[in-house]
Protein chains: 4
Amino acid sequence: MIFDPATDKPQDECGVFGLYSPTPNDLAWLTYLGLFALQHRGQEAAGMCVSDGDRFHVDKDLGLVTQVFDERRLDGLRLPNARVSIGHVRYSTTGSNLRFNAQPLTTRTNKGILGLAHNGNFVNAREVRSGMLMEGALFQTTNDSEVMLNLIARESHMDLVEATASAMKELKGGYACVLMSRTQLLGFRDPHGVRPLVIGQRDDGAWVLASEPCALYAVGARLIRDVQPGELVWFDREGLHSLMVEPKRPTPCSFEWIYFARSDGELDGVDIHESRLRMGAQLAREKPIEADIVVPVPDSGIGAAIGYARESGIPFDYGLYKNPYAGRTFIAPTQEARELKVKMKLSPTSAVRGRRVVLVDDSIVRGTTSRQIVNLLREAGATEVHFRVSSPPITHPCFYGIDTAARKELVASTHSIEEIRALIGADTLAFISERGLREAIGGSGLCGACFTGEYPAGTPLLNDVDKLALEV
Amino acid sequence: MIFDPATDKPQDECGVFGLYSPTPNDLAWLTYLGLFALQHRGQEAAGMCVSDGDRFHVDKDLGLVTQVFDERRLDGLRLPNARVSIGHVRYSTTGSNLRFNAQPLTTRTNKGILGLAHNGNFVNAREVRSGMLMEGALFQTTNDSEVMLNLIARESHMDLVEATASAMKELKGGYACVLMSRTQLLGFRDPHGVRPLVIGQRDDGAWVLASEPCALYAVGARLIRDVQPGELVWFDREGLHSLMVEPKRPTPCSFEWIYFARSDGELDGVDIHESRLRMGAQLAREKPIEADIVVPVPDSGIGAAIGYARESGIPFDYGLYKNPYAGRTFIAPTQEARELKVKMKLSPTSAVRGRRVVLVDDSIVRGTTSRQIVNLLREAGATEVHFRVSSPPITHPCFYGIDTAARKELVASTHSIEEIRALIGADTLAFISERGLREAIGGSGLCGACFTGEYPAGTPLLNDVDKLALEV
Amino acid sequence: MIFDPATDKPQDECGVFGLYSPTPNDLAWLTYLGLFALQHRGQEAAGMCVSDGDRFHVDKDLGLVTQVFDERRLDGLRLPNARVSIGHVRYSTTGSNLRFNAQPLTTRTNKGILGLAHNGNFVNAREVRSGMLMEGALFQTTNDSEVMLNLIARESHMDLVEATASAMKELKGGYACVLMSRTQLLGFRDPHGVRPLVIGQRDDGAWVLASEPCALYAVGARLIRDVQPGELVWFDREGLHSLMVEPKRPTPCSFEWIYFARSDGELDGVDIHESRLRMGAQLAREKPIEADIVVPVPDSGIGAAIGYARESGIPFDYGLYKNPYAGRTFIAPTQEARELKVKMKLSPTSAVRGRRVVLVDDSIVRGTTSRQIVNLLREAGATEVHFRVSSPPITHPCFYGIDTAARKELVASTHSIEEIRALIGADTLAFISERGLREAIGGSGLCGACFTGEYPAGTPLLNDVDKLALEV
Amino acid sequence: MIFDPATDKPQDECGVFGLYSPTPNDLAWLTYLGLFALQHRGQEAAGMCVSDGDRFHVDKDLGLVTQVFDERRLDGLRLPNARVSIGHVRYSTTGSNLRFNAQPLTTRTNKGILGLAHNGNFVNAREVRSGMLMEGALFQTTNDSEVMLNLIARESHMDLVEATASAMKELKGGYACVLMSRTQLLGFRDPHGVRPLVIGQRDDGAWVLASEPCALYAVGARLIRDVQPGELVWFDREGLHSLMVEPKRPTPCSFEWIYFARSDGELDGVDIHESRLRMGAQLAREKPIEADIVVPVPDSGIGAAIGYARESGIPFDYGLYKNPYAGRTFIAPTQEARELKVKMKLSPTSAVRGRRVVLVDDSIVRGTTSRQIVNLLREAGATEVHFRVSSPPITHPCFYGIDTAARKELVASTHSIEEIRALIGADTLAFISERGLREAIGGSGLCGACFTGEYPAGTPLLNDVDKLALEV
């Protein structure tokens, strides 16, 4: 049995990246750096395509960016006069045969060769796909990008930008996409801006699109602005073009600030690290407790723990050592896997011995990991463990690209907070309030569907098993 | 530099295989055996798909059958109640990024999931593809199978058999295909039967399709008959169905008997080994010579050499040792590659020392290898070398799935036989006559386009570089 | 070019692990867990051997523990009735041909088959080896363990324990070793206890030896005590035996507390995490500064930074994001490697913007990384950067198993502190004093040779290039 | 289950190769070519070492020559001024952990670094090893080369040539070795010359040692002579030196002519191919039969089959197709493995249909494969199958480096010829006589221990299980 010890967290599905360079550039190398910076958004597969206006190279495979692109394979993509490129990292699953679902998806169309990579989910993809199948379309993957590409190709009388705008109107959901032809780079974000996409520029004039600012910095670009909800941007020799296709009330995903996004950036004008400090402070105000130290669950709880410590005046300490090699898969006999998973990753330090501990984490999904961490702290001599969570209870699944879990697996959808507390064995348990979270993040609107069940960008019509599924 | 020492031969492009089993069978395993028997028809890539009527699994990759399908990957395809499967081996090239062109190609369509694998070539694929692109189709590969699948999917009002028959009428060229849905196996051969396809059956009732009989024997099936030129056959619970879609004058490829097909089978009623003996005998009658021994270029010249020896009365001997490991790629510095290539593969035995040698090979393409073999024999002490070839001079390229070489590289298209003789350094050089070849093979008709330039199944309209090519 | 971004740190050379189980146990699996916990001590190679009293299996290779031991290879070591095992992880280098130097080293001797793994260095290994070569010994590796094994085998009249004690007396330096025969586990530590070794026991009675307590916890054992400097311990059916072979003044390596050891343990009675908090506090007292926030260089500066923040009252903050995937090797063009190295690993958060920052790190070796981190902070808007180091300046190389760097590369051996400050571009730079460090760690004695040049366990006699070196 | 279909043959254990070049040469590349030519002598592992007089590089691993030495690893051995090199290929087993037993074995000694590779077996290795263990020697492998190296190193007062001669006197058995220091190449053959070793020279003056002449030809060298039984040769700047250490009655292994050696060479003055023709002719005279065709079991039976056909006047034909990919391991379910093994490798052609077949093979070990081949021929329509074997019945195991099988597995040691005939299902079965074989090979003496039980070079004293065995 192979397992990944880093679990029981909401899982982002993907990161996207794109480059348009008015002058020849080593785009394969820059895309490699950009994807490396976005690696936390997806560990299952990585891919990129690069064009010099004539040739159009693509390579992708299962694995981390550094595993897929060894020197030989990266060299195979290094076109000397490259102008356009896109890249993609995909989330981690245990499936090993999903090779052919890796992105970018590339295809020849009546608009020339196109490459597309997306983050997020189209909630009506199945309906659209069914209709196109009836019209004679082929679907070689189970990848939503293929639906988008079919929609674009179908509009044979339109140019690429028009056809893309038309496809944006047809597909519902939360998504951010990068799309390239031999000579253009396009990027677009769903009408509510649920998934993030930022624009950057390098000093040499090259334009960059990425899921997060960290990938801009990685290639020496500065943050210009976010792509707006419902906006379609494209880059060619003339520079940056923009079309507001279908903007609606912005509701970016709150979990980007809670957990997904790297703390060294900002999204939609809100700094990630600072918002986490504010979540922690808010939590301290909402759910105070008398204790000796504040301990984060590393690394995702660090920001909120510092905020909690500062607001409460309780000293921050490093009470859980995190094994930096724990992200790597390792062998585990089934029966022991549960306990080992956490134990090989996290280990208490002497800081917790004889102390009343406030343990701060960003979220609780199933609760299994939380129980084991509480247990580890108690075994190490913590006299009290007060669990504080910088997100509200997760009660509903996400349909916009986040793999939380089936609803019945979400501990907060079936248990009261007191029941969860008992389950994980904490002395007290408290979550930040939804209102408190919105205040801590700030901004005009947020998607909190997983806390509230209110889905701003719609839900799938068909929930039955996809009978057309091609198992590859 | 990596090279394959086994070159300067016409190169078959593929082998196909299919199974329909009325009762549950271990089809992944049987398909593995069938593909292993067809390995000589393609060494670049291997793949298969298997269905149990519900699930539809596919796996494919670059490499030999035994390299692609290790135990783990084969196990991933072993559906307990499998009913239908197809498989494919693809020819050897040096390209390493052609992973996504491997077959079978699988796709969801309005006729359910389909898997298709083909051997051969559609000469009008580009025109058909261009038209469909304009209608909004996507082409994700440069694989002709994708054109066939689009044609089948386009006929949304027809069932799978009707739509396949319709597609057969639209595509021209020389081909043999296996096609599967979750519940049916189909096979079809071009109107002239240029590429081979045979039908077999196991004692347990399972039906088998394969490029050659050896693959039937490998899975314990007996040869029932050849698929007829222009025939579409399909298998379901009721058994074998047949439809003559567009039969024309049969002209199977003569090179299957000369070189490609394994000597342990028969195609279109003509035994491979016996036809080679007859070619050698014919050659001895047409082009006799006084000599001491007849030596084959192993392994492809063995049959004709035995035939030549028997007819001429000159003793057969084993004058060239063939290194069984020479098929494996090995490293070679560029400057030495030419000479090394042959030298590491073939080595003269003492049989040729002081002897007048009749050297028998099946064909000469560029002539470079032939020159080196003649040279090896002379260095080993052969006093005379008389080169005899069991095919006529190759003067034209093949458009039906054989990678001969560009026309200008075909030594016989630009040189007289006397010039070739001088080039390869033989004392005499003679080829079998076209008429003699036809007599030796027998049968009603043969494609000899590469000798005559007469293409029974048409030629491509567009010969310019495919500007839509997606380099993957 | 391949590089490991995690550099410019002293590099520990190895971790060792051993098990003796009075009852049959899954020792391969337990050793795997123990080595996984010790992975931070060596990433180049991993190995283990296991015996059931009769069979003696060994496997080792280049790579991380989880890379070397996939399921198949671990299964090959899982003897059902295993009683004794040892394991080893080796430090990271770029060499790829060092496969045959991996440990444990196994050999047949007149005392039966033995397996040996060591951490540290024998300073007189070359002299001893030269003498034994003259007597007819073979040396198949450049591994010091082989010298120890030859010494043990040479004493053919002694039993294993006596011969090991004899060898301990002959070899000088700083080392900790685990040694096994088919039925015994031995462990020993150099006379000064420079390198660590701890003893643990599981509830089922199994005895454990490990470089650090974390490996005991990983296999469910509790810490019993440290092996004493100069002590030889061994385990058999009767339990734990001890012999004080040559105890001298204990001088354990101070860098175990400063940097190497995981913060979730204690060595020689001194808790790692607490000692780091004390180092930070001591540094704050010795080298105070007026500033807005205290920022650690993650992860190694965290403990000292918390200590500094608490003592100084300046808020602790998370000012540098560390990419958890940065430990993986990635491709870098030579010219850009320097800057990229740090940039892809560390990225400033908004915490430093407009702030006066106290930056806390554990050590400075060459200073190159430090300069880049300071630069990153300034680019991110830090108004002042005050660099504080929780170790004294490193001025001398280590001869006891730590790969610092050649003396001329140690920036502090050739530059004044003011020169280093200018070099790294900090506003102020200060190191903990040697006395302050000793107080912070506590304990009776410490090896601080790299700060002072006083080598308690001797230095190598011969420094010229080893002319006998076998390059493998 | 993984199996190699090419079995039921005596298995040679190794091939050795060595080069001494008075001028700088690309010895790694030449050694690669030499080993490639010797690949038939061992498929389990390959290795080489190269020296330029100063550096001494070695690399080796499990796999074929072309698998072990990819471009990167070969480049790692390409010293610009290389003067001396040796190489080794090792026989095929299914064990996967035997990595550390690969050759050449390299070690530092009082005579500098040495590399040794051997073919064959020392029958008193265990006694010698036991004695040296008592004196304090380490044995890190179960490789006999290590015993030889210990003997050489023990004579610390002698130079390398003297010490090697001394070691030759001490070790008994059948062997051929190549040995190198930084500046010398040595080669030696056991007193009876059981295992072969030939000397060649290139036009540029470089000296070559190899198990067979084919490896000389592969590097552009001509055959000078065989190393004599009991002779030690060495090469340095002055050229070729020779010392007759302990010559005894020459008894080279008869199986080199029967089966092992490539047919494109000669050993001890006797041409391989011609001797096989003579064996076939002798067999035809000794054991005539009325039949329609003579069919070889390819490839090893070809020479004898041609000889048989010529002498008998019965036509030779190619009745069994051999799949050139059958040497590659493939997956097989245990229960079917037996039949599949032969079926996937050999397939009858139409030549045997309705014919009385003389089937010629070189040997029968267990008889299982023979039974299946006979069965295949009958199923294909052969009316009679007359089995003729060009070696006498194998009744005794080989102790000189050939892996026949345990005695009880040798079908001829427990069954009469008539019983074997019944077992394999042939109409008649006949072996060449021992006298006939000796006449066919010619030469002064031959080792036929496996036919006669007379072991010219001694037998092992200790046959019990080696209790010191290190399982790696």
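Cβ atoms are placed via backbone N, Cα and C, with glycine included.
Record note: TrEMBL gives C:Asp361, C:Asp362 as Mg(2+)-binding, and the candidate from C:Ser300, C:Ser413, C:Ser416 in that site is C:Ser300. In the three-state DSSP scheme, C:Ser300 (Mg(2+) binding site) falls into the coil class. Take the Cα of C:Cys447 ([4Fe-4S] cluster binding site) and measure to each of the recorded positions C:Cys14, C:Ser300, C:Asp361: the nearest one is C:Cys14. Note: the [4Fe-4S] cluster site is recorded as C:Cys253, C:Cys398, C:Cys447, C:Cys450; in the same chain, C:Gly174, C:Val194, C:Ser254, C:Phe255, C:Tyr400, C:Ile402, C:Gly448, C:Ala449 also have Cβ atoms within 8 Å of that site's Cβ centroid. DSSP gives C:Asp362 (Mg(2+) binding site) a coil state; it is part of no helix or strand. A simple way to gauge crowding: the CB of C:Asp361 (Mg(2+) binding site) has 24 other CB atoms within 10 angstroms, across all the protein chains here. Other C-beta atoms found within 10 angstroms of the C-beta of C:Cys447 ([4Fe-4S] cluster binding site) number 26, with every protein chain shown included. Cβ crowding, taken as the number of other Cβ atoms within 10 Å, peaks at C:Cys253 among the recorded positions C:Cys14, C:Cys253, C:Cys398.
Taking Cα separation as the measure, C:Cys398 ([4Fe-4S] cluster binding site) is nearest to C:Cys14 of the recorded positions C:Cys14, C:Ser300, C:Asp361, C:Asp362. Annotation note: C:Cys398 ([4Fe-4S] cluster binding site) sits in a coil segment as assigned by DSSP. C:Cys253 ([4Fe-4S] cluster binding site) and C:Cys14 (active site, nucleophile) have their C-alpha atoms 14 Å apart, to the nearest angstrom. Here the Cα atom of C:Asp362 (Mg(2+) binding site) is found 20 Å from that of C:Cys14 (active site, nucleophile).
C:Cys450 ([4Fe-4S] cluster binding site) falls within a helical segment according to DSSP.
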